[in-house]
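Residues annotated as N-linked glycosylation site in Swiss-Prot: 463. Positions annotated as region 'Disordered' by Swiss-Prot: 1-23. The transmembrane segment annotation in Swiss-Prot covers 33-53, 74-94, 135-155, 195-215, 240-260, 267-287, 310-330, 343-363, 370-390, 399-419, 432-452, 506-526 (among others).
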């Protein structure tokens, strides 16, 4: 591969990969250029595209999946299983790149992601689909952390500044394409919804070939010389297992409580107790592990880091709930097909992407990011609150406007926590701070579908019991798009109203969580982005000391 020597050492993905002293003593680092750099960029663009499509393509297919599997109660798990696995294993996967050959770890992560897609595509029942999504989430954790790591190891800072927006821009494109592709595939009687998982394979194959032949001589692992016992200790596998178990228990409680079982039932209560005990054990383990822990607790001594993590989790809950349940409104209440529901979701996705770019540009120009964290949640909450005005016959102009408000609100503020941690933390701590922001963002995304599902199913059952002549359990079992086949025509409007009313309960989450995020934003330190010249040569902490 074509490479060039520079004197700037690459940054790691965790605080124990590099430190301030090491960065000044490292020899010249050889970076990619030319065709090798272009090939790697295309590979990462392909990966970002498939990950983005995979995140959004499922939303428009869920109503059909619930109808095929008679599994309306599993809506939350189709998204949560993927995000829980990705969230819980992200720090551990990130550390694998410090210990082992980055080429092999990345390619193995891609293979695991594709394996999960195959399992989901051939799933004979709902549980198999959930397992496949969880396996894909494990692979995605390795791909997300690996893309950042390989860029820092193999691409100069100057080229990173140019390539990162291009690579990440594919994520926005994929997010917009996902609902359209998912809807079109789901409506096709030949392909069916299963093909939305098969399409991951060609993208992954292209990326695998490019990465494999581009990284013929990958840089050595920065901690490859450690003993296997030391590597195992620093991976903190017990911590990852405890976190995975705690989050699963919480999701089971949210899925069952008040729907499958009463909240007072021993199964639900046991899951909540299990969540509490596992969480306490996990926190104790992180405290004892210090720098070897998955989540170094000392990083949260900074109030900006703590506020940013909480803020990111809360706004993520709001946007994921809306992304998952707007398609259910379109398909169950308005009786649109999956393709059209994907088109109808574009105002939310496009406004989100455009406002993210605009907010980032404005923050970079004026140097302040905190005001966007004040304004964004208020706009996001307004968009969620206005859903209370939505009815089965609401004109399209209104629900398009409501989605645009939500997208603009989220886009205004979603990137600001990432900037904040880079401003307030010392350079060696910045990678860990960024991982924590990603971690809490994924945590919010993992919890959101289950919270929304619980509110939706509980409200739907409650509303259906008021409609005489309707078997509420049968309607729920029929799924979000299949209930019309079993409901008498004279009762259809009442059942549709029951769906719409239940969805209004869900969208209150889109009001409450941004409001809490707005409160959290007031804990942010009022800091300014360093100017571009100082940003190259100094860390934010060093700049602050000079002033």
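Glycine is treated like the rest: Cβ placed from N, Cα and C.
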Chain residues outside the transmembrane segment (432-452) and at least six past its termini with a C-beta under 8 angstroms from it = 13-15, 75-80, 83-84, 86-87, 90-91, 94, 144-145, 247, 250-251, 254-255, 295-296, 299, 305, 308-310, 312-318, 320-321, 324-325, 417-418, 421-422, 425, 506, 509
When you check the transmembrane segment (74-94) against the transmembrane segment (33-53), do you get at least 3 Cβ pairs under 8 Å, counting only pairs 6 or more apart in sequence?
-> no
Segment proximity, the transmembrane segment (267-287) to the transmembrane segment (195-215), 3 or more C-beta pairs under 8 Å | no
Same-chain residues at least 6 beyond the ends of the transmembrane segment (267-287) with a Cβ under 8 Å from one of its Cβ atoms are 236, 238-239, 242-243, 245-247, 249-250, 252-253, 256-257, 261, 293-297
Seg_contact(the transmembrane segment (310-330), the transmembrane segment (343-363)) with at least 3 CB pairs under 8 angstroms, min sep 6 | yes
In the same chain, residues at least 6 away from the ends of the transmembrane segment (135-155) whose Cβ sits under 8 Å of its Cβ atoms read 10-13, 31-32, 37, 40, 44, 47-48, 51, 54, 81-87, 89-90, 92-94, 96-97, 102, 105-106, 108-117, 119-120, 163-164, 167, 215, 218-219, 435, 438
What residues in the same chain, six or more past the boundaries of the transmembrane segment (399-419), come closer than 8 Å to it by Cβ-Cβ distance?
-> 308-309, 311-312, 315-316, 318-319, 322, 326, 344-345, 347-360, 363, 369-370, 372-373, 375-384, 386-387, 389-390, 434, 437, 510, 514, 517, 521, 529
Sequence-remote partners of the transmembrane segment (506-526) [C-beta within less than 8 Å, at least six residues beyond its ends] = 303-304, 306-308, 310-311, 314-315, 317-318, 321-322, 325, 370, 373-374, 376-378, 380-381, 383-385, 387-388, 406, 409, 413, 420, 424, 448, 451-452, 455-456, 459
Report, as numbers and ranges, which residues of the same chain sit near the transmembrane segment (370-390): CB under 8 Å and 6 or more residues beyond its ends.
-> 311, 314-315, 318-319, 322, 329, 359, 362-363, 398-399, 401-414, 416-417, 420, 500, 503-504, 507-511, 514-515, 517-518, 521-522, 524, 526-527
